[in-house]
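As recorded in TrEMBL:
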- Gly30, Arg31, Asn32, Gly33, Gln34, Gly35, Lys36, Thr37: ATP binding site (BINDING)
- 2-356: domain 'RecF/RecN/SMC N-terminal' (DOMAIN)
Amino acid sequence: MYVAHLSLHDFRSYASAEVALEPGVTAFIGRNGQGKTNLVEAVDYLSRLQSHRVATDAPLVRSGAPQAVVRAAVVKDGRQAVLEVELNPGRANRARINRSALPRTRDLVGLVRTVVFSPEDLTLVKGDPSDRRRFLDDLLVLRTPRLAGTRADYDRVLKQRNSLLKTAGIARGSAREGALATLAVWDEQLARHGSELLEARLALVEDLRPYVGKAYETVARGASRDDAEIEYRSSVPVDGPLEQAILDELARRQKDELDRGLSLVGPHRDELLLWLGHGSDPGEERLPVKGYASHGESWSFALALKLASYDLLRSEGDDPILILDDVFAELDSGRREQLAELVAGAEQVLVTAAVPEDVPAALRGVRYVVAGGAVTRDEAGDGEAGG
Ligand SMILES: Nc1ncnc2c1ncn2[C@@H]1O[C@H](COP(=O)(O)OP(=O)(O)OP(=O)(O)O)[C@@H](O)[C@H]1O
């Protein structure tokens, strides 16, 4: 899959931008704050209808403008379709394919698949459990787009249930009884959507595991594939029917939940554990990455998680679009060349960098200079804007 043309209207810093793209490598070069990331963010937004940088749509709309439009001509198996999304902060977004409106904006999710490498990836290893849950759920949705609905339903139920727990916790007498009866309805919904999400996450971690080991072996010199392990730790037992397991645990912890006014059971409390393994010596104890890994090992693990996502998606469908956003400046030269070689064969790679020298030789391709709101093809390939 590749994007053949990208059009932006009032997206981020761009009043308007038209960029012709090709399969293979395209690098966007420009000084800080010129709008390089904004371009690749637009492509990434189309894949999940979410940015990898912000949680809401408002910052994606050009300051002062009422709405933004991202349009891309996407080629898959030799056939082209024009995908479009209109971002309307505070109101419903709209999506179109070949100019026909889709009944639900969500139906656009997963038609473009991207894997983004960015300096923020380090939070996958060093950040909170919620960063790793988001990583899993973003990948789930690209793998199985209908799960975007399950994820949204689960978040909605969780929010409502939390607010009910707060009220029920302080209510007395018949008000409390009424709140508890309503709580039972939310428990069922939480268990239904939660078990679907949990089942999909468990399957994903199982499928991702071998790819993580292999990717870590490639990016961390001298490491073996047994050095990096991932493990899903659930807040409920996962060896039986999951919906019932969530209901049972909710019943067991109801007093706790009412005292704290918070949902304490369900996939929003689960963890993706990252382990530095025992390598070739099974007798050696494994260590959690967070708190124990060196800076280099942490980077290698983060890269391995992203590379593994790419390999998994690729094994199940066509090549996702790879986005390498400002990532080379963060890496030492050995790792830089290694990553470049690993991704050089992908169907489409979009790279951003401040200076041309940051783009490894293995990723020679088309270059654009991004400066002062203009995106100009650089025919000379020297990082200076050409004609
Ligand atoms: N909603 C918005 N409206 C107007 N301008 C915006 C909006 N969002 C971001 N910008 C501007 O876009 C610019 C940032 O662009 P971008 O993140 O693409 O930079 P970059 O070229 O990738 O830089 P760096 O190399 O520092 O990462 C900033 O100048 C910022 O003020």
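Including glycine, each Cβ sits where the backbone N, Cα and C put it.
Shown on the structure are the features that TrEMBL records.
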{"residue": "Gly30", "record": "ATP binding site", "contacts (Cβ under 8 Å, 6+ apart)": "Lys36, Ala354, Val369, Val370, Ala371"}
{"residue": "Arg31", "record": "ATP binding site", "contacts (Cβ under 8 Å, 6+ apart)": "Ala354, Ala371"}
{"residue": "Asn32", "record": "ATP binding site", "contacts (Cβ under 8 Å, 6+ apart)": "Ala354"}
{"residue": "Gly33", "record": "ATP binding site", "contacts (Cβ under 8 Å, 6+ apart)": "none"}
{"residue": "Gln34", "record": "ATP binding site", "contacts (Cβ under 8 Å, 6+ apart)": "Val370, Ala371, Gly372"}
{"residue": "Gly35", "record": "ATP binding site", "contacts (Cβ under 8 Å, 6+ apart)": "Arg12, Ser13, Tyr14, Val370, Gly373, Val375"}
{"residue": "Thr37", "record": "ATP binding site", "contacts (Cβ under 8 Å, 6+ apart)": "Arg53, Asp325, Asp326, Thr352"}
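Among the binding-site residues listed (Arg31, Asn32, Gln34), Asn32, Gln34 have a CB atom closer than 6 Å to some atom of ligand 1, in sequence order.
Within the model, the domain 'RecF/RecN/SMC N-terminal' (2-356) shows a mean pLDDT value of 93, rounded to a whole number. Listed in chain order, the residues near the ATP site other than Gly30, Arg31, Asn32, Gly33, Gln34, Gly35, Lys36, Thr37 are Thr352, Ala354, Val370, Ala371, each with its Cβ within 8 Å of the site Cβ centroid. According to its DSSP assignment, Gly33 (ATP binding site) is coil. All protein chains shown were included, and the count of other CB atoms within 10 Å of the CB of Lys36 (ATP binding site) stands at 26.
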